[in-house]
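Only one structure is covered here, and it is reproduced in the block below.
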There are 2 protein chains.
Amino acid sequence: MQERGLLIVFSGPSGVGKGTVRAKIFEQENNFKYSVSMTTRKQRPGEVDGKDYYFRTREEFEELIRKGEMLEYAEYVGNYYGTPLTYVNQTLDEGKDIFLEIEVQGALQVKQKKPDAVFVFLTPPDLEQLRERLVGRGTDSSEVIAHRLEKAKEEIRLMSEYDYAVVNDQVDLSAQRVKMIIDAEHFRVDRVIGRYRKMIDSRDL
Amino acid sequence: MQERGLLIVFSGPSGVGKGTVRAKIFEQENNFKYSVSMTTRKQRPGEVDGKDYYFRTREEFEELIRKGEMLEYAEYVGNYYGTPLTYVNQTLDEGKDIFLEIEVQGALQVKQKKPDAVFVFLTPPDLEQLRERLVGRGTDSSEVIAHRLEKAKEEIRLMSEYDYAVVNDQVDLSAQRVKMIIDAEHFRVDRVIGRYRKMIDSRDL
């Protein structure tokens, strides 16, 4: 019997640097696929449909929600963001690992539906450094920053729902840690015991 | 507050090569201490008390059992083997990891007393290769080999009690996998969440 792939849910509070760490992870050779998110927000210059996001209309997105074809989704600043279920299930069925980089609320939805996934929380070293990151981006007003910080604090309180917590002190190191966690998870007894079933059930030799 | 060290229980069936993989793990630099076992069997030429084993009399060993100072123990071919509790607890209290290489029955005793330890099962690829290993040693009669194989089969059936299973196909690879598992375990949320408690509980910024 084909072993199923591993579903890896990589998440963390607003502004912690999930995208940067994820990009670093995918720079190097690895054995897992990236699940591209779907959104109804406008495509920005330079963004590629099917690579950065699947860009869909609000109607198309809501149709997928109705049909139960979203693994998780949320509305954020008036736009939907989410993970289509089909590609995730196909990849797992092929025995390949799939990597989701999603928001905390989405991760908790995945936990309901796929409790055997591996949940990794990327955390800032402390709130002061998170605030500096948000300010440093230079793209948001102080009001938006305050709002994002409030949201981040709520999200950090959900850390205990995850399996692992990795601190984002250095992007390279954080990426390495996440890859190591994924590698190690492949040796969990409940994932590999099927390989040894014959030996375990053997009555003679 | 000082974080506690990790208790690593490395075990597997009779003849699988636990000692060889353990020696390979400790060849390189690492952050964990090795817990030397205690035995009542006779010291062999070349063996060092306190390094290979703590060699004790039957009376001394039974006194420790009575006083509840053995983390685990078993009697095997007329001799006691076991792990004294004091050194294990001291090491964990100092925030250092400690590595036990013990028999399957002993591992199950540790699981009762220290359920938060990490349990790694070293498994042979299949029973045929385990038999070849036992025959290849050239030290045992065919009767002893048959007995050890029977015992090994019973032990393999207990794999599901462990957290991880690592196949001993190549000593180097197996040692690497065990080290990786230990490294990854340090990022488990329940082990690290204390570091972020201040941030999680923060009401303001």
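Using the three backbone atoms N, Cα and C, a Cβ is placed for every residue, glycine included.
TrEMBL lists B:5-183 with the feature domain 'Guanylate kinase-like'.
According to TrEMBL, the ATP binding site annotation covers B:Gly12, B:Pro13, B:Ser14, B:Gly15, B:Val16, B:Gly17, B:Lys18, B:Gly19. The Cβ neighbour count for B:Val16 (ATP binding site), using a 10 Å radius over every protein chain in view, is 25.
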>> What is the set of residues, excluding B:Gly12, B:Pro13, B:Ser14, B:Gly15, B:Val16, B:Gly17, B:Lys18, B:Gly19, whose C-beta falls within 8 angstroms of the centroid of the C-beta atoms at the ATP site?
In response: B:Leu122, B:Pro124, B:Ala152, B:Asn168
> On a count of neighbouring CB atoms within 10 A, which of the binding-site residues B:Gly12, B:Gly17 is highest?
Replying inline: B:Gly12
